[in-house]
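Listed in TrEMBL for this protein:
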DOMAIN    3-276  domain 'Phosphofructokinase'
BINDING   G11, R72, C73, G102, D103, G104, S105  ATP binding site
BINDING   R21, A22, V23, A24, K25, R155, G186, G187, D188, K214, L215, H216  ADP binding site
BINDING   D103  Mg(2+) binding site
BINDING   T126, I127, D128, R163, M170, G171, R172, E223, R244, H250, V251, Q252, R253  substrate binding site
ACT_SITE  D128  active site, proton acceptor
Amino acid sequence: MKKIAVLTSGGDAPGMNAAVRAVAKVALAKGMEVYGVRRGYLGMVHDEIFQMNGSHVSGIIDRGGTVLLTARCLEFKDPKFRAIAAENLKKRGIEGIVVVGGDGSYRGADLLSKEHGFKVVGLPGTIDNDIIGTDYTIGFDTCLNTILDAMSKLRDTATSHERTILMEVMGRHAGDLALHATLAGGGDGVLIPEIEEPIEMLAYQIKERRRQGKLHDIVLVAEGVGSVFEIEKQLKEKVTTEVRSVVLAHVQRGGTPSGFDRVLATKMGAKAVELLEAGEGGVMVGIESNELVTHPISFAWEGKRKYDIRKDYELALTLCK
Ligand code: ADP
């Protein structure tokens, strides 16, 4: 295969640039032509496709966000628009596509592959860590560290005022960010969508901590659980401590990618090119037990998650006491 394209799609994540850089540099080193697609599938439909050289990816490894830009493109669910995108790629002789994004982006790539014969490789790019077939996604570690930094700052003020702070973090339907932040940041309570716990349990925990002489609580609330303000309202009826809510929001998406995310993205980017060079497609790349692995791309929505979140949740509860 001589010509490939790379795009970032769905929500941005720190480390996407490192992945794009690796795809471009490895492909160029192998004598391939590499094309960048701007604004995800939107740019593919609107022909925002350009040939890349080394200068397009120089100085980007430490930058958050994505230099290729990303967008949501609902039209891509319509085969008519996918046919236009396919034509834009084919007129340049592009045969292989690397898409860095989440499972929605993988679905788009899978359809493009089945309908128009492209070889596609999906790389997991999302802060949420919610992709089946990989232990970690590109961006998760950086985001986790951003949350930890905010937690430390909130703890200073929470202790000084003896408050309970509910901190809402991202993660879509996954509790990984909230749970890992609890484990790594010494959180005092955690609510995740995978495990339903009555609010009474959290209230009891808070009261028990005060009885032990603890002055503050930082409780991580995964966005998938529901509105943190609603939880605040319910909790206030059950505890006497002052409760405040903080929504960390889009701060979590930004920042220079961590070393872990850069290495992960770089290795995955290189692997994607190797797969395409060998004529393989229809796969996603993951990391499992510290090894790069591949799964059929549909594994992201048909497979079963390996991660036993309940075990880590129970550990977190033990440590929250
Ligand atoms: P993510 O890739 O992070 O899961 P989205 O679900 O928003 O994010 O998907 C990103 C893009 O992928 C969408 O804007 C759309 O262009 C494309 N996409 C998502 N789902 C499908 C689908 N079922 N069929 C075709 N394209 C899709």
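Residue numbers in this text run from 1 along the chain shown.
Every residue gets a Cβ built from N, Cα and C, even glycine.
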Residues R21, A22, V23, A24, K25, R155, G186, G187, D188, K214, L215, H216 [recorded ADP binders]: greatest CA to CA distance in Å: 53
Using Cα positions only, nearest of the binding-site residues to V251 (substrate binding site) (G11, R21, V23, R72, L215): G11
M170 (substrate binding site): secondary structure state under DSSP, collapsed to three categories: coil
Secondary-structure category, per DSSP, in which G102 (ATP binding site) falls: coil
Coarse DSSP state, helix versus strand versus coil, of R244 (substrate binding site): strand
Max pairwise CA distance, angstrom, over record-listed substrate binders T126, I127, D128, R163, M170, G171, R172, E223, R244, H250, V251, Q252, R253: 32
Listed binding-site residues adjacent to ligand 1, that is, members of G11, R72, G102, R172, G186, R253 whose C-beta is under 6 A away: G11, R72, G102
Largest inter-residue Cα distance among G11, R72, C73, G102, D103, G104, S105 [record-listed ATP binders, Å]: 14
